[in-house]
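Note sheet for the following structure.
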Amino acid sequence: MSGSSNLVAMKKIVQQLRFEAKINRVKVSQAAADLQQFCLQNAQQDPLLTGVSSSTNPFRPQKVCSFL
Amino acid sequence: KDDVIAAASAARARRSGRVGLATASRSTSDPHPAEMATHELHPNDTLTTLKMESENLKAKLEEERAKLHDVELHQVAEKIEALGQFVMKTRRTLKGHGNKVLCMDWCKDKRRIVSSSQDGKVIVWDAFTTNKEHAVTMPCTWVMACAYAPSGCAVACGGLDNKCSVYPLSLDKNENLAAKKKSVAMHTNYLSACSFTNSDMQILTSSGDGTCALWDVESGQLLQSFHGHGADVLCLDLAPSETGNTFVSGGCDKKANVWDMRSGQCIQSFETHESDINSVRYYPSGDAFASGSDDATCRLYDLRADREVAIYSKESIIFGASSVDFSLSGRLLFGGYNDYTINVWDVLKGNRVSILFGHENRVSTLRVSPDGTAFCSGSWDHTLRIWA
């Protein structure tokens, strides 16, 4: 009984590996260049990266406002 | 009556003939990959031959991946400017949980937060004012997972009760939220993580029972289950909506798996961590994901290169990373660790740019706000902190 369930499990593993073997891959140099480009393109819109000033970041302490 | 019987058998013959034709045409045209695989597995295949094939395929997979490993990410990033000094401080401290904070999530309105604790409580906070807006007491302790619905009108949570329940949030503070509770997911072990998909209608869960599952909130129906992890699944993250219907999960089997939500198929698998994977998070473009593990490292896996492309580690960091998240541009990776600190990594160059102190016990959960202006960390010290 356990023999046949091992066989079934093993067949599933082999099927999965065959599936994974077929995927198309790109070179790391290409993938890395794309990751870098995304970072650089979006850098200005990243408040934690650019350190947004107090006036625009709701969490940073604000200067006291006075009623005119 | 004989005519009827004759007509019936004639109809059966026609039907089987049509089926026969259909099968024949299927085998001559390009078959479905899964079918093709079973087609080639002969009944005489023994465990030994399959094991051999499995080893061969694994070796071939590594070979294919290695062929494309022509450079390291940090080498590509050598030419870009290094990041300057970061000044990030605790701007708010949310106090109110009676025990370890285990999980938190932001509302899309960028100011509300839901958090869950070992004490069985789920609290909804206004992070600007630090006011508690709602509180629910769960019937179990160790509420390990919580999530905000995209509409902001409900929260989901669960843990040792093996379930994921949805609570609609009422504007009436006096209303008993527990009364409207809806049980959605049922696992056979603890719920480790949950997330709404891009609507309030579906929830994705991961569990100590080794599976992930997709559920319809309204009916509680199981829509798809995901089998493949060899041990408890500890975390999951949905791909950014532009990249399609996939999600990544990490588990105690040291594997990170990427899944097709519609078919239930595992489409990619990564096994380079040396211990449990506590947290997985997609890179904002959807082309990669980061992981945090008990092996004290965070790693970056690129989905198109199909391999690990960076390791974020230091000899001085010996405690596990429990939770990771990216800043909006993907340049920074924030990691919450079991040594009470938060390390901030330059994703491209691979070095640590900042270390944040403040929590008085393990950091268990960490999420960047939807507009990227701040991030929130939750800790075993019973508090949550907003950093900016």
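For all residues, glycine too, the Cβ spot is worked out from N, Cα and C.
Here is what TrEMBL says about this protein:
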{"type": "REGION", "residues": "B:15-37", "note": "region 'Disordered'"}
{"type": "COILED", "residues": "B:44-74", "note": "coiled coil"}
{"type": "REPEAT", "residues": "B:94-135", "note": "repeat 'WD'"}
{"type": "REPEAT", "residues": "B:184-225", "note": "repeat 'WD'"}
{"type": "REPEAT", "residues": "B:226-269", "note": "repeat 'WD'"}
{"type": "REPEAT", "residues": "B:270-311", "note": "repeat 'WD'"}
{"type": "REPEAT", "residues": "B:323-355", "note": "repeat 'WD'"}
{"type": "REPEAT", "residues": "B:356-388", "note": "repeat 'WD'"}
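Helix, strand and coil content of the repeat 'WD' (B:270-311), in residues and according to DSSP, is 0 helix, 23 strand, 19 coil. The repeat 'WD' (B:356-388) makes no contact with the repeat 'WD' (B:226-269): fewer than 3 of their CB pairs lie within 8 A, with pairs spaced 6 or more apart in sequence.
Distant neighbours of the repeat 'WD' (B:226-269): 189, 192-193, 195, 197-198, 204-214, 275-282, 284-287, 289, 291, 293, 301, 303, 306; these residues of the same chain sit at least 6 beyond its ends, with a Cβ under 8 Å from one of its Cβ atoms.
Outside the repeat 'WD' (B:270-311), and at least 6 residues removed from its termini, the chain residues within Cβ reach (under 8 Å) are 65, 68-69, 72-74, 234-240, 242-243, 248-258, 317-326, 328-330, 333, 335-337, 345, 347, 350.
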